[in-house]
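Here's the structure, in structure tokens; my notes come after.
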Ligand code: HEC
Ligand code: HEC
């Protein structure tokens with residue numbers, strides 16, 4: 001029963017042009033998260049954890065990674081759009097940091113390939129940190145705790161590359177592979193309630209899994225929002241941040257195309273969508289059914305899928321979270 005059924009060919013028509021890197025859905029399925037192949041250097045993780053809380057990234061020293069990607073709130077801020085430097089309201093919703101390292105691209109529009117690229121993008125982004133690497137390196141170098149920590153791990157000391165490396169290693173370990181779903185996939189039949197199991201079956205039957213697939217149930221494809229129905233005809237005219245991958249490639253077929261987001265911890269990461277416009281999970285599931293699957297769901301089906309999605313909630317290792325974040 002756990003083995004996924006053969007894919008239904010007509011659903012392939014839902015797949016639209018990708019940037020040439022995305023994998024095709026031949027192997028669509030939902031998988032447990034495996035532990036990192038090589039255990040990371042604990043000293044790097046500790047340093048990354050410290051940097052994650054470090055307000056020196058922001059020009060006015062007011063915000064750290066943890067301000068928006070809050071670990072006690074499943075790696076998000078639970079706001080429709082982020083609030084950045086000088087209380088500016090950002091254009092998009094904050095995605096979760098949990099399991100982010102499993103994504104094939106980073107950001108809603110996929111403009112970064114690595115976490116290091118995300119950090120550099122954030123550093124210069126006027127609405128996020130509005131800073132520069134020389135400024136950050138200078139601030140950190142004035143703190144003897146950091147100079148010693150870095151020297152112990154990296155002979156070259158505090159540099160852009162070593163800051164990015166420590167943060168990347170830390171984030172690569174922010175995995176939530178202890179969810180009930182992972183236990184179920186590992187063979188514990190009682191880990192999912194009957195309703196959640198029904199939801200999992202519906203999730204496969206309706207083809208949610210063709211887009212939200214892999215260990216992150218998302219994060220490995222680009223897809224357009226509005227396959228069966230024009231989302232912006234209903235919502236109102238699109239803004240620049242609604243254009244998605246088009247902002248990266250300039251290709252007309254990439255308009256409104258986004259990286260399919262992860263569904264891990266989804267019941268805790270609302271509001272939803274790149275624009276943060278959808279408040280509740282049931283609303284979000286029905287929206288997907290209408291715009292992405294082409295068939296509205298009954299309320300009991302929505303509720304079962306919600307029960308399944310709740311089984312994707314997990315916690316990163318307790319040691320990775322600082323006391324102030326617990
Ligand atoms: C002011 C809020 C804010 C702060 C501070 C912040 N981020 Fe982000 N982060 C965001 C937003 C918003 C996005 C999505 C932006 C987009 O897609 O255009 C994002 C995206 C990301 C992503 C990509 C996730 C994904 O699924 O695409 C990673 C990784 C990330 N941030 C890491 C960090 C790290 C590391 C720091 C600290 C150095 C940090 N962020 C600080 C708001 C913030
Ligand atoms: C054709 C691809 C596709 C299918 C099929 C699909 N989704 Fe999505 N889903 C997406 C994309 C793309 C987004 C992000 C769109 C955006 O933010 O503009 C998304 C977003 C979501 C979100 C919100 C995620 C977040 O972090 O805000 C949820 C929840 C979700 N989908 C659940 C489902 C469910 C349940 C189904 C089946 C009923 C489904 N999806 C079917 C592509 C798909």
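Every residue, even glycine, has its Cβ placed from backbone N, Cα and C.
Per TrEMBL, heme c 1 binding site is recorded for 65, 68, 69. For residue 68 (heme c 1 binding site), the same-chain residues 6+ apart in sequence whose C-beta sits under 8 angstroms from its C-beta are 76, 77, 82, 84, 94.
Other Cβ atoms within 10 Å of the Cβ of residue 211 (heme c 2 binding site) number 24 in total over all chains. The heme c 2 binding site feature in TrEMBL is assigned to 208, 211, 212, 288.
Each residue in the domain 'Cytochrome c' (43-174) has a pLDDT score, and their mean in this model is 97. Residues or ranges marked as domain 'Cytochrome c' in TrEMBL: 43-174 (among others).
Annotated domain 'Cytochrome c' per TrEMBL: 194-313 (among others), in sequence order. Note: the domain 'Cytochrome c' (194-313) comprises 59 helix, 10 strand, 51 coil (DSSP; helix = H, G, I, strand = E, B).
What TrEMBL lists as signal peptide is 1-22.
Looking at residue 212 (heme c 2 binding site) and residue 69 (heme c 1 binding site), their Cα atoms lie 22 Å from each other. Spread of the heme c 2 binding residues is 11 Å (greatest Cα-Cα distance among 208, 211, 212, 288).
Proximity of residue 208 (heme c 2 binding site) to non-local residues of its own chain (separation of 6 or more, Cβ distance below 8 Å) is seen for 288, 292, 293, 305, given in sequence order. Residue counts for the domain 'Cytochrome c' (43-174) by DSSP state, with H, G and I taken as helix and E and B as strand, are 68 helix, 6 strand, 58 coil. In this structure, the binding-site residues 69, 212 were compared by how many other Cβ atoms lie within 10 Å of their Cβ, and the smallest count belongs to 69. The record gives 65, 68, 69 for heme c 1. Within 8 Å of the mean position of their Cβ atoms, the other Cβ atoms in that chain belong to 52, 64, 66, 67, 70, 75, 77, 94, 97.
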